[in-house]
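Q: Mind having a look at this structure? Questions to follow.
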């Protein structure tokens, strides 16, 4: 007979208990997996944006985009406007200077009279007062002015690119004003010729300075209109020069 063991035998696990624990574990695992899936499904539903909020966000973005485009269009229209009103403080003085330029150089044409009209006298005809011929008048009206004017224009363009254009314009206008007074005060043909030559030199510097000022201070989309506005001074000055006849008849 075998000897009895001093230790108690290990507790035996019944098949039913083992089966129960296995079922519990499998059920627990099933429940855990189900709960996790359910939580993930619900969590995904909470995190996803609803159709209503997405539609509202898209409508708001579209409205903001349309408003921004409208602002840009208004700004573009104002930029490309053909108005030169904001630049009149620059253009009006330049125009007046140009009118004076043309008036001064063209007034000589209306101060002579070579007709045989008995009413013509040295009082209202420079050619009779100073005693010069038609040929001398031709030289006075053309070569005396244009010869130095053409050469000085090249120098004027170079100076306009490198110097103060406003100061150059003021100096030019003051110089041809002096030349105009010298022409009126001249007591001989030679003095009038000298005044005419000096006038051609002075008048050459105004136009290049004016055009470069317009180029630098007026936007490109308005430069053509600004140049046309300034260029009208040629015709305004010529028209005013023709009125010199009236002043000549009254003042001599």
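Every residue, even glycine, has its Cβ placed from backbone N, Cα and C.
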Q: Of 160-181, 226-247, which span is tagged transmembrane segment by TrEMBL?
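A: Going through 160-181, 226-247 one by one, TrEMBL flags 226-247 as transmembrane segment.
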Q: Labelled transmembrane segment by TrEMBL, one stretch among 114-134, 135-155. Can you tell me which?
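A: Going through 114-134, 135-155 one by one, TrEMBL flags 135-155 as transmembrane segment.
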Q: For the transmembrane segment (226-247), could you work out the same-chain residues 6 or more beyond its ends whose Cβ comes under 8 Å from its Cβ atoms?
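A: Result: 84, 87, 91, 94-103, 106-107, 109-111, 210-211, 214, 218.
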Q: When you scan the chain for residues with a C-beta under 8 Å from the transmembrane segment (135-155), skipping those not six or more beyond its ends, what do you find?
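A: Counting only partners 6 or more residues beyond its ends, the transmembrane segment (135-155) has Cβ contacts under 8 Å with 105, 108-109, 112, 114, 127, 189, 192-193, 196-197, 199-201, 203-205, 207-208.
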Q: Over the domain 'Major facilitator superfamily (MFS) profile' (90-252), what is the model's mean pLDDT?
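A: Within the domain 'Major facilitator superfamily (MFS) profile' (90-252), the model's average pLDDT equals 91.
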